[in-house]
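Note sheet for the following structure.
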Number of protein chains: 2
Amino acid sequence: MLASLYSRMALGCVEANRFLASVERLATFGLRADGGVERQALSEQEIEARKFLIGRARALGCKVEIDPCGNLFFTRAGAKLVPPVVMGSHIDTQPMGGRLDGAYGVLAGFEVLAALDDASIETSRPVTVVAWTNEEGSRFKPGAMGSGAFVEPSLLEHYQHAVGVDGVIFGEALAEARSAIEGALDCAPGFAMHAYLEAHIEQGPVLEQSGHSLAVVTGIQGVRWYEVRCQGCAAHAGTTPMSMRRDAVVLANNYLKRIVDLSGELSAQDIRITCGRWNVTPNSINTIASEALFTLDVRSPNYAGLDRFEATLEAERNMVENQALITIDRILEKAPTAFDERLQTLLARACQAATGTDPIRIMSGAFHDALHLAGHCPTAMIFVPSIGGVSHNPAEATQPDDLVLGVQALAYAVTSLAI
Amino acid sequence: MLASLYSRMALGCVEANRFLASVERLATFGLRADGGVERQALSEQEIEARKFLIGRARALGCKVEIDPCGNLFFTRAGAKLVPPVVMGSHIDTQPMGGRLDGAYGVLAGFEVLAALDDASIETSRPVTVVAWTNEEGSRFKPGAMGSGAFVEPSLLEHYQHAVGVDGVIFGEALAEARSAIEGALDCAPGFAMHAYLEAHIEQGPVLEQSGHSLAVVTGIQGVRWYEVRCQGCAAHAGTTPMSMRRDAVVLANNYLKRIVDLSGELSAQDIRITCGRWNVTPNSINTIASEALFTLDVRSPNYAGLDRFEATLEAERNMVENQALITIDRILEKAPTAFDERLQTLLARACQAATGTDPIRIMSGAFHDALHLAGHCPTAMIFVPSIGGVSHNPAEATQPDDLVLGVQALAYAVTSLAI
């Protein structure tokens, strides 16, 4: 049965030119002079882009709904009133974003709806495309607000008060956006879904370097952020003998070196460590530092890896001279997420049908709305390669052929789930 | 002859109460709520303080002169028209300064003048107190402008254009100060001096920890500043496998650790190393750093030490993986200075006479106006202890007894040079 379905949803139905033109069209909302896109959540450009999507959905005969957090749902009716098969992602971008991050998954969903029409396929389940509100978190924190408030509606009350980097209150921006968007029906958050599938660019170099066009995503790494604070005593670089110093930079350097020296071993256990920020006080050339603060971003596919790292962090501190002057604060934790196994198998078969080869399987290092949906319904993701691993950047790009193959695989998977 | 002179200049002549009261009085110009002093170069407060000094000099019957860079000279006439014995320092402070840095040396000079009067000592050489302009360099860069332009008058043309942290041009602030200060005679810079003696707080912990009240300063350390720039490649902390990274912080950490590990050995060679500043780009928790810049402040009593360090810095770079991504720029050099041996001996004898014990000899880790004078005439310095080694801070303090002993030693030394 699948094979015959796949032949009906042949490459001819997913129209490459139509899909790629839709990517260009959506990029006109917030297009930057450098070719990138700035379309931050609930900005004027993003609201115009929402209207564009609504127009397209209406042309496809879809029902348009909006939930209290501004998430937009575009639904192609099924023969039965049962939970829909849902595809989607987000259309907001970073301030210096590209054309694909988020937008790809939403437009892929629209192309699947159009292809279903072209192939005259009537599904028993409804098929829905969703555009989640504020995934990036660059204007309002935290990111992935829309999908978060969809699965846990009580969060919205809290999010309403978030203050944007431009001083705008999220709740006010949301109310304004909702009044600007006409004709969308209100719907309740948290409604049941048969499955959630998100197509996305990888945002890393692994898939491109593998030579494959598509990857099935096995899950999303867990992450912990730490602030490591090393205390010293400020003193004059010229007048203070080395033996009388308590230098915070030296302490931080000694400690971090121990962690860095273990990174190869930890990497072999799929643990990634990044020391991205250093803040030294007073940060003056000729003053011994009174404090050196550095951060650690640690990622692992599972809790065991995160816990192993944390134990290492503590143990290594105990090996450093003046260990009492080092404090470690865990300032963020996001749980590791494993995607639905059966949905992964189904996606792998769809990728095989689209490309003729088995996709690779990779873990996502970045967060996606699928993280929240994974606790709500069977969830999985497809990745297409990011050229040079670049994203959150005007240069963000994917080979057009790969983009289209990803849409085709999504079409196969959605059709087999919804039929 | 010295012994009898010393007996005439007994402790009774240097009046502790008068001297300590003068410290309190000068501190009223720019007194901060926290007890510290803000009296930056050529500020309103500093100009008022200059007027106070001029009034005091007139009361002592001294000639008052000002040179083109605003340095003030207060001269007690000698029996002969010969180059004067000069004492002094500066009265400008850091924005969060104390009562003693600079002020101590100037007020010590005034107390010596008063004590000479009290003891009815007529010297054959004139005795001059100088207050140098802008030693701190906190408002206008570079520091020690006044003494620099005194020994090398052509520098003033260049200094005129210096822009203060408050946007004021040095030349304009200087012209304003000169017009506010009435009745000072113009004098040419660079006039001959028989000797220059500067009393100062140590600004470090060595003298206090030695248990001595006074130190004879052997010279001023040379210093070199370096900027070390380590290149990486910005990438997402979550999506970039460890093996595909070029992390600037890791590179900087590996390199700096090699230097830190050598600091004990270098310290034994009287080389002091401080890594005071770290600037990481983009300094984001979840982004691999594209650049890590750190500074090194290196001090040594002699060129050999500075050169040895620089050779080590280069050699260690060659031991680091990805050495080609590290660039080292020397951004400042100040030559090591050795003070006049005979004057050091004379000061040691004066300190012995004042305290009853031999002073220790130490190298100055900080710069002083004496650095410039050392190339102009026989020059030396006396240090009094800084409690806790603290300076450039409202908490800057010295035991009053030690302050007075320093003045007494200065009085002995100046008298024996001028008699």
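Even glycines carry a Cβ here, placed using N, Cα and C.
Automatic prediction, not curation, is the source of TrEMBL annotations.
Listed in sequence order, the residues of the same chain lying 6 or more apart from A:D101 (Zn(2+) 1 binding site) and placing their CB within less than 8 Å of its CB are A:T93, A:Q94, A:E136, A:H200, A:I201, A:Q203, A:S391, A:H392, A:E396. TrEMBL lists A:H90, A:D101, A:H200 with the feature Zn(2+) 1 binding site.
Following the DSSP three-state reduction, the secondary structure of A:D101 (Zn(2+) 1 binding site) is coil. Marked as Zn(2+) 2 binding site by TrEMBL: A:D101, A:E136, A:H392.
According to TrEMBL, the domain 'Peptidase M20 dimerisation' annotation covers A:219-316. Helix, strand and coil counts from DSSP across the domain 'Peptidase M20 dimerisation' (A:219-316) read 36 helix, 33 strand, 29 coil.
The 10 Å shell around the Cβ of A:H200 (Zn(2+) 1 binding site) contains 27 further Cβ atoms across the protein chains shown. Same-chain residues at least 6 positions away in sequence with a Cβ under 8 Å from that of A:H90 (Zn(2+) 1 binding site) are, in sequence order, A:G102, A:G105, A:V106, A:A131, A:W132, A:T133, A:N134, A:E135, A:E136, A:G146, A:D369.
Compute the center of the Cβ atoms of A:H90, A:D101, A:H200, which mark the site for Zn(2+) 1; besides them, the chain residues with Cβ within 8 Å of that center are A:S89, A:L100, A:G102, A:A103, A:Y104, A:G105, A:E135, A:I201, A:H368. When Cβ atoms from all protein chains are considered, those within 10 Å of A:E136 (Zn(2+) 2 binding site) total 22, not counting its own.
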